[in-house]
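Here's the structure we're looking at; comments come further down.
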Amino acid sequence: MGAGATATSAPGDVRSYEHLLDQRPWYKNRRLLLLNFWIVIVLVTSSTNGYDGKLFLNHGLQSLPQWQSAFHHPTGGSLGLLGAIQNIGSLSALPFAPYMADIMGRKSCIVWGACLMIIGTVIQTASQNVNMFIGARWLIGFGLNFAATGSPMLISELAYPSQRGQITSLYNSLWIFGSIIAAWTTFGTFHIDTSWSWRIPSAIQGFPSVIQLCLIWFVPESPRWLMSKGREEEALRTLAYYHANGNEKDPLVEYEFQEIRATIHLDSEVAKSVGWLTLFKTPGNRKRMRIIIAIAFFSQWSGNGLASFVPLLVYRTYILTRITLTVTSPTTQLLINGVLSIYSFALCIFASLYCDKIGRRKLFIISTAGMLVAWILETVCFALYTEKGNPATAHTFIAMIILFSTFYTLAYSPLIVTYTIEILPYNLRSRGFTVFNFTICLSLIFNQYVNPIALQNIGWKYYTVYIAWLSFELVFIWLYLVETKNRTLEETAA
């Protein structure tokens with residue numbers, strides 16, 4: 001992906017080795033079936049992240065009167081800290097996670113993260129005061145960053161070539177699956193009159209990590225990481241066992257092995273000089289990082305923090321009461337939360353499964369253009385109701401929120417992790433992915449602290465800022481995003 005990278009077909013395009021692929025459906029190949037089962041264990045990380053995000057934010061625990069009472073109805077800075085502390089914990093782990101992933105392996109990163117999240121879950125479930133709860137959420141965020149660093153890299157480096165795009169896209173899509181579990185769990189425990197109404201959802205948060213910790217030992221390590229450590233025979237056996245039913249002489253295995261070895265050996269020549277500044281030293285690397293930082297910001301700064309039908313309490317208090325939408329019942333909030341999570345998950349799965357047919361670039365363009373149109377209409381409706389009190393615009397406003405979320409989900413939910421990993425070469429993958437996570441954490445903290453203040457002070461006019469920003473996003477994506485579908489990791493990152 002040098003400065004002159006284009007979306008044209010490369011010699012290593014999937015068409016050049018398509019004849020080497022097993023043409024049977026994957027579910028009729030026992031080894032691929034087993035490989036995909038192990039990958040599901042790794043995918044659990046994203047569900048854990050989604051569960052935590054939905055559990056506290058977007059009317060999860062905050063909608064439970066029992067939780068509010070237990071922690072003395074936190075408001076202002078205390079509530080803001082409760083929302084941001086998980087991301088602060090993730091930021092705290094960023095200096096360490098990429099080194100563990102590169103030195104000790106992708107699996108070790110996941111194991112360490114799962115252990116920390118289990119400990120954090122126990123503390124959160126047993127919390128007796130708000131400080132204990134905040135500390136637990138920090139620890140969960142700290143551990144989650146380790147698991148979230150190792151998991152997507154392991155998935156993309158293990159997956160069968162023809163399935164890599166879809167499976168890696170499913171990683172971020174399963175964030176929504178975790179949010180569905182959280183939404184319906186809090187809905188189910190809402191009627192419990194004791195503190196167990198919020199302790200049960202808190203405890204369930206740790207179950208995915210327990211399952212992952214029990215089964216991760218059976219998941220194969222990344223062949224690319226093994227190769228980078230000089231364990232070529234082990235890497236070859238892994239590729240052969242899962243991609244060719246154990247046949248080390250299979251043409252596809254030989255193709256993959258030689259391509260990975262050549263890339264790793266080339267990377268090893270410059271590995272001694274690889275540092276954080278390497279990410280920005282060459283024109284090709286600067287282009288990569290420009291795209292990665294941009295899509296990380298776009299994923300959180302496209303107005304989605306404001307556009308959610310059930311946004312953070314402070315957004316809902318201002319917007320939804322201004323348009324006379326009476327969604328004040330905790331039961332109604334939780335029910336809407338659960339239904340819309342299922343809707344978003346279905347859209348994510350669709351985009352994940354068809355990303356290789358439609359293309360990453362095309363999905364990003366459709367998604368961003370659709371968000372821009374929906375946001376303009378949303379802004380007009382919000383302004384008309386605020387200034388003239390037209391009730392019809394209130395209903396249209398809600399419809400535009402759902403339309404906006406639909407377009408957002410088509411690309412930004414399933415593809416941002418996939419695209420980031422695809423354009424990074426092996427020797428920069430963990431550091432580049434850390435920059436991606438760092439950027440997302442910063443943008444989330446911005447959303448949680450700045451958006452409420454701006455919205456409260458200038459009202460609907462703040463929406464016009466996002467019209468300009470979404471226009472910039474569309475131009476950027478049109479000019480800089482290249483197509484990566486139907487290529488191996490080595491070919492895409494070249």
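Numbers here mean position along the shown chain, with the first residue as 1.
Positions of Cβ are set from backbone N, Cα and C atoms, glycine also.
TrEMBL: automatically predicted annotations, no manual curation.
So that you can see what the record holds, here are the features copied from TrEMBL:
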type	residues	note
DOMAIN	38-485	domain 'Major facilitator superfamily (MFS) profile'
TRANSMEM	32-51	transmembrane segment
TRANSMEM	71-97	transmembrane segment
TRANSMEM	109-126	transmembrane segment
TRANSMEM	138-160	transmembrane segment
TRANSMEM	172-192	transmembrane segment
TRANSMEM	198-219	transmembrane segment
TRANSMEM	291-314	transmembrane segment
TRANSMEM	334-354	transmembrane segment
TRANSMEM	363-385	transmembrane segment
TRANSMEM	397-421	transmembrane segment
TRANSMEM	433-450	transmembrane segment
TRANSMEM	462-482	transmembrane segment
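Counting residues 6+ beyond its ends, the transmembrane segment (433-450) has Cβ neighbours under 8 Å at 80, 83-84, 87-88, 90-91, 94, 97-98, 145, 148-149, 152-153, 279, 289, 292-293, 296-297, 299-301, 305, 312, 416-417, 420-421, 424 in the same chain. Counting residues 6+ beyond its ends, the transmembrane segment (109-126) has Cβ neighbours under 8 Å at 42, 45, 48, 97, 100-101, 132-133, 135-140, 142-151, 154, 199, 202-203, 205-206, 209-210, 212-213, 216 in the same chain. The stretch in closest packing with the transmembrane segment (462-482), judged by the count of Cβ pairs under 8 Å and taken from 71-97, 138-160, 363-385, 397-421, is 363-385. Taking every listed stretch (32-51, 138-160, 363-385) in turn, the largest tally of C-beta pairs under 8 A with the transmembrane segment (172-192) is reached by 32-51. Listed as Cβ neighbours of the transmembrane segment (363-385) (distance under 8 Å, sequence separation of 6 or more from its ends, same chain) are residues 295, 298, 302-303, 307, 319, 322-323, 351, 355, 391, 393-394, 396-397, 400-401, 403-404, 406-408, 410-412, 415, 460-461, 463-464, 466-467, 470-471, 473-474, 477-478, 481.
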